[in-house]
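So that we are looking at the same thing, I have put the structure below in C-alpha cells.
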C-alpha cells in the first residue's frame, strides 16, 4: 500500500462531531469499535478466558516463579507471592478492560483523557518501549524452542560451530535459531486484532494438555509433592520478606504492560461486565496454575537431576526422549508466538499508529516493532536469574504510575464520565488542557518515580551505597507506583481543578434536561432518520400494517434502580404523547424481573420523526447501560441493512455509506456504567 493511499484512509476516518476544536487525524482502527449487531464486537467469556489461558501458559510465566525458586525462595512462598501479585494486577486489568469494553477504545485513546491529547505521548512511549523489549525477549526464547526441536531431529546440531566471541552472550547456533523463529512469526503479524481470538483458541487446545503432561511427569519422577516442596530455602543477606515481595513484583511486572494493554482487546468484547469479571478470574486462577507448573518442574529438576535450572527448555534437554523433546519445543514455541503477537506487537502497533497516523497503521507498527526488537539484544537479558528478575521488576517503575493516574482520573476524579468525541479533537476541547498537555498527570508521573528510583538504580547498576530501605521499597515497585501516582494526581487536580470535569445530573434535573433535548433536538434526529430513509430509497409515506414490516427498537434497562426505571417509563410516555399526531408508536413491555425491556414498535414513517425523539430522551434519562439499535425484520431486511445504525450513551459516531451520523453526546456528556 502506498503512503498516499494510507493518508487518504486516515483522512476518511476522521470523526465529524459537534464538539469544539479541530478533528485529529487518526487511523480507522483507532476509532471506537461500535456495538453493531454484525460488528467486530464478538469476544465473549470463552474468548477472553482463552486469551488469558493462552497468555498464562508461556515460558515467561514459567520463569517468573522458577526464578524465585532458583534464587532460594521456597516453592510454597513463591506460589503465595505470585498469587498475591496476580490478584493485585487483576484489579487494574479488570478496570481497564471495563473501560475498553464500554467505550470501544484502546489504550492510547484512553490515555488522552488523563494525560492530554499531546501528553499521552509520554504514556504511549513508556508502554511501547516495554513491549518492544518484551518482543525481543520472547523472540529469543522462541529461538531456543527452535533449537530444541532441531536438536531433537538432528542431535549433531548441538555441535554447531560457534564463530562469535564470548562477550556477545550468544552462540552462532542460538543466533541462527533466533532469526529462524523471527522470520516464522512475521507472517502472523498481519492478522488483525479482532481475528486473534482464533489463534488463542488454537493455543488453548494444546497448551493445557502439554502443561498437565509436564506436571504429571514432574510429580511422578520426584515421587510426590513432598520432595518437591521441601526444596528451596531462602539464604544470604536478603531477608525472606524482601524475596517474597520481589517475587510478587516479578509476577506483577509480567502483567504490568497488559494492565494498560488489555483494553486493546476488550474493545471487541460483547459486554463490559463480562470483560471485567473474566479478567479477575482468569488472571488469578489459570495464569497462577502455570506459575505453579513452573515451581513444580523447577523443584522436581533439583530433586531428579540435582540441577537448579529456571529455563524449561533446559529441563527438556535433560530428557533422553527425542520425540518428547521435539513436542515440548513445539508447544513452547507456539506459546511464545501467540504471546508475542497478542501482548507485544499489537501494543506497539496501536502506539505507533496514534503517534504517526499519516504513515503508520497497526500492521505497519507491528512490523516496526519487530525491527526495533532486534536492536534490544534480548540474549543479554537471559544471562542469569538475577538479571531476568531485575528486568521484569525494574520497568514497572514507569508503568505503575501511568496505570494509577489513568484509573484515578476516570473512576475517582471524573466519576466514570467521559466525552468520547472530545478524545479525537484538539484546540478548545475538554481534553486539550494546556496546549495538549495535562501538567497534573505529568508532574504526578515524575514525582511517583522518586520512591522507587534508588532501588531501580541499585538493581540496574548494583551500587552498594544505596540504602537498604530503598531496595526494600523497590521490592513493591508496582503497587507503590500505582498508589503514589494516583494520590499525587488527585492532590494536584484538587489544587488546580481541570475545567473538563463533567458533573452528573441529579434526579431532579433529569426531567427538565430531557424535556429541553426533546424540544430542541427532537426534530433534528427526526430529519436525520428521514434523510436515511430517503437515502435508501424507501417510500417513507407508505404505511405498513403487518407486525413483520415494523422496525423494532429495544431499550435495555438492565441493572438500573427502580426510581430511574420509573423515570424512563415517564419519558417514554412523554415521547408517545409528543409524537401522537405523527406516527402513534406502540410501547410493548417485554421480559420481567431484573431484565426489563421495553420495545418501541413503529412503522417507517414513525422512524423518521419519533425514533430520534425516543432515542434522545431515553438515553439522556438513562445514561448508564442503554443501547438502541435498528434491527429490521421481514421483507425490509435487505434494504434496511444498508442504513442500519446503532446508538449508545457514549456518543458513538457511525459512517453509513459515506454519511456521518453523530450521536447526542456532542451536546451532553454521558456516563458509562
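Cβ coordinates come from backbone N, Cα and C, glycine included.
A TrEMBL annotation is a machine prediction, not a hand-curated record.
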With TrEMBL as the source, which of 496-515, 516-535, 536-555 is set down as transmembrane segment?
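That would be 516-535, the stretch labelled transmembrane segment in TrEMBL.
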Among 95-124, 125-154, 275-304, find the range that TrEMBL records as transmembrane segment.
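Going through 95-124, 125-154, 275-304 one by one, TrEMBL gives transmembrane segment for 275-304.
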Which residues of the chain, 6 or more past the ends of the transmembrane segment (470-495), have a CB below 8 A from one of its CBs?
88-89, 92, 114, 242, 245-246, 248-249, 252-253, 256, 393-394, 396-405, 407-409, 412-413, 440-441, 443-445, 447-449, 451-452, 454-456, 458-459
How about the transmembrane segment (275-304) and the transmembrane segment (200-220): at least 3 CB pairs under 8 Å, pairs 6 or more apart in sequence, or not?
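Between the transmembrane segment (200-220) and the transmembrane segment (275-304), which are separate recorded stretches, there is contact, as judged by 3 or more close Cβ pairs.
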Ranking 173-193, 324-343, 432-450 by Cβ pairs under 8 Å to the transmembrane segment (240-263), which is first?
324-343
State the residues, same chain only, that lie 6 or more residues beyond the ends of the transmembrane segment (200-220) and have a CB under 8 A from a CB inside it; answer 'none' if no residue qualifies.
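Counting only partners 6 or more residues beyond its ends, the transmembrane segment (200-220) has Cβ contacts under 8 Å with 47, 50-51, 53-54, 57, 228, 289-290, 293, 296-297, 300-301, 312, 327-328, 331, 334-335, 338, 342.
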Grab the same-chain neighbours of the transmembrane segment (432-450) for me: Cβ-Cβ under 8 Å, and only residues 6 or more beyond its ends, written as numbers and ranges.
21, 114-119, 122, 397-398, 400-402, 404-405, 409, 425-426, 481, 484-485, 488-489, 492-493, 496, 498, 500
